[in-house]
């Protein structure tokens with residue numbers, strides 16, 4: 001064939017295209033999340049949204065759109081003064097301090113898990129010493 005592709009050439013081009021794409025074959029596996037790890041605290045806006053959702057739902061019981069609630073909440077948050085936002089900021093800071101305490105306890109627990117290896121080593125050293133004592137006492141009995 002003049003200037004055209006053979007059947008095998010077109011098949012090879014098709015195979016080359018299959019392997020290409022956004023991160024084809026190069027996806028890294030995410031590390032598994034620890035279910036015991038504390039969740040991050042909500043920001044002041046999300047603390048506000050918890051209350052706002054309830055109010056909005058009472059005022060508009062027939063509304064089923066999540067986006068409408070989010071848009072209305074965002075508009076109200078933007079229109080609020082810092083004084084009006086202050087109670088939500090305080091609640092968010094309180095949640096953040098509780099989160100920090102929980103994270104410290106969580107990190108200590110993780111670090112505490114690493115100390116088990118050291119205690120195992122010390123146990124094996126004690127067992128080795130006991131075995132040496134038994135060997136030396138057995139060798140003394142053989143001499144008699």
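Our numbering is plain: 1 for the first residue shown, then up by one each step along the chain.
Note: Cβ is positioned from N, Cα and C throughout, glycine not excepted.
Keep in mind the model is a prediction, meaning the values are calculated, not measured.
Annotation comment: TrEMBL describes 1-12 as compositional bias 'Polar residues'. According to TrEMBL, the region 'Disordered' annotation covers 1-42, 56-144. Residues or ranges marked as DNA-binding region in TrEMBL: 38-107. Taken from TrEMBL, the feature domain 'HMG box' covers 38-107. What TrEMBL records for 73-101 is compositional bias 'Basic and acidic residues'.
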Original post:
Apart from its near flanks, which chain residues at least 6 from the ends of the compositional bias 'Basic and acidic residues' (73-101) lie with a Cβ under 8 angstroms of it?
Top reply: 38-49, 52-53, 56
Original post:
Do you know the mean pLDDT across the DNA-binding region (38-107)?
Top reply: 95
**OP:** Just give the helix, strand and coil counts over the DNA-binding region (38-107), going by DSSP.
**Re:** 56 helix, 0 strand, 14 coil
